[in-house]
Amino acid sequence: MLNYTELENKNVLVVGLAKSGYEAAKLLLKLGANVKVNDGKDLSQDAHAKDLESMGIEVISGSHPFSLLDDNPIIVKNPGIPYTVSIIEEAAKRGLKILTEVELSYLISEAPIIAVTGTNGKTTVTSLIGDMFQKSVLTGRLSGNIGYVASNVAQEVKSDEYLITELSSFQLLGIEKYKPHIAIITNIYSAHLDYHETLENYQNAKKQIYKNQTKDDYLICNYHQRHLIESENLEAKTFYFSTQQEVDGIYIKDGFIVFNGIRIINTKDLVLPGEHNLENILAAVLASIIAGVPVKAIVDSLVTFSGIDHRLQYIGTNRTNKYYNDSKATNTLATQFALNSFDQPIIWLCGGLDRGNEFDELIPYMENVRVMVVFGETQDKFAKLGNSQGKYVIKATDVEDAVDKIQDIVEPNDVVLLSPACASWDQYHTFEERGEKFIDRFRAHLPSY
């Protein structure tokens with residue numbers, strides 16, 4: 001960790017605890033700042049809050065009193081806290097500096113950064129790059145939205161290692177100096193409009209990933225969305241990926257992944273399922289090549305890497321039916337990819353938090369859907385969708401009940417796919433919890449020998 005002294009004796013207010021706020025507060029204390037933590041929820045019984053208080057950090061919870069801004073603190077905002085929260089709006093009015101925990105990770109480390117963002121595919125790309133590093137002599141440390149708090153990992157990473165960081169639009173909004181050596185934008189579609197309010201705001205948040213890059217850095221983008229960045233004043237070297245045509249970067253030709261005229265691997269040898277994952281693979285391969293990962297290590301990864309938990313994750317077979325856990329599909333685009341990944345009849349488990357979306361854009365991808373099992377707040381919307389397409393629709397109370405209900409109607413070689421197309425927060429704390437419940441219920445129905 002760098003000997004970073006700019007926050008020494010400065011007043012810093014961490015808004016929003018959770019995991020990243022907790023780690024940020026501890027780091028700020030280590031950097032010599034005068035730290036307070038504020039959260040709108042009551043944290044009187046929270047273990048992390050009590051731990052911070054034992055270190056001498058004042059925790060104010062249950063409301064957002066503006067008096068916390070009177071000593072002109074630097075604000076470190078948990079990425080999940082919208083800028084429309086009252087205390088953040090007031091801080092902005094007063095002209096106070098507002099950072100996120102990811103910015104701290106950059107300030108305290110000299111390690112080069114590979115940063116990955118996008119509406120879909122960012123977790124897969126981040127994990128795959130990490131696996132490619134692991135297969136080589138180079139060291140890459142996963143961090144960010146993938147589950148490892150960036151500022152925590154940044155304290156441990158060495159200057160000759162890479163930080164491989166997944167970034168959400170929430171995290172990117174608060175960057176000031178953050179500069180990845182290699183930035184990847186997998187794709188940008190409409191998402192999180194409940195947070196960003198407009199598609200333009202969401203797109204602009206994603207574009208923050210390259211705003212500080214120089215001519216010595218690299219930007220990797222989807223060729224078929226190049227219009228989103230072509231008008232920008234880019235300094236970084238820009239490369240593209242495409243599954244459809246030759247581009248300045250990496251592409252697929254005659255069934256092979258090709259970079260710089262060199263065939264890397266035949267796509268038939270890839271283990272990761274789904275047509276959409278070809279784009280994720282191209283982005284990961286290109287970033288790893290730029291970072292210096294040997295081609296042999298890249299190929300070793302591609303012939304063994306089968307994906308990440310909760311993203312089109314194959315969890316097993318019961319009788320002749322393969323089960324796939326795609327709980328991380330919290331929007332319709334991710335579910336489009338999932339439905340498009342199978343030629344067999346699909347029993348589709350879907351539903352969740354109602355964000356006001358309609359789901360008609362899924363209709364072109366429902367050809368192979370034989371049965372829909374619907375649950376959650378959007379249950380009636382999905383039932384209406386299924387009925388309009390002549391699908392057999394079953395209503396369930398939750399994911400576990402959905403798995404129970406299909407046992408008597410599943411037919412040989414049906415694929416059972418959990419791909420909710422919705423967030424999980426109506427019934428589960430996280431998409432991971434929802435996915436684990438699905439896996440547990442699948443296992444409960446396995447025959448015992």
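For all residues, glycine too, the Cβ spot is worked out from N, Cα and C.
Per Swiss-Prot, the features are as follows:
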| type | residues | note |
| --- | --- | --- |
| BINDING | Gly118, Thr119, Asn120, Gly121, Lys122, Thr123, Thr124 | ATP binding site |
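Counting every protein chain shown, 26 other Cβ atoms lie within 10 Å of the Cβ of Gly121 (ATP binding site). A coil conformation is recorded for Gly121 (ATP binding site) in the three-state DSSP classification, outside any helix or strand. Cβ packing within 10 Å was compared across the binding-site residues Thr119, Asn120, Thr123, Thr124, and the lowest neighbour count falls to Thr119. The highest number of surrounding Cβ atoms within 10 Å, among the binding-site residues Gly118, Lys122, is found at Gly118.
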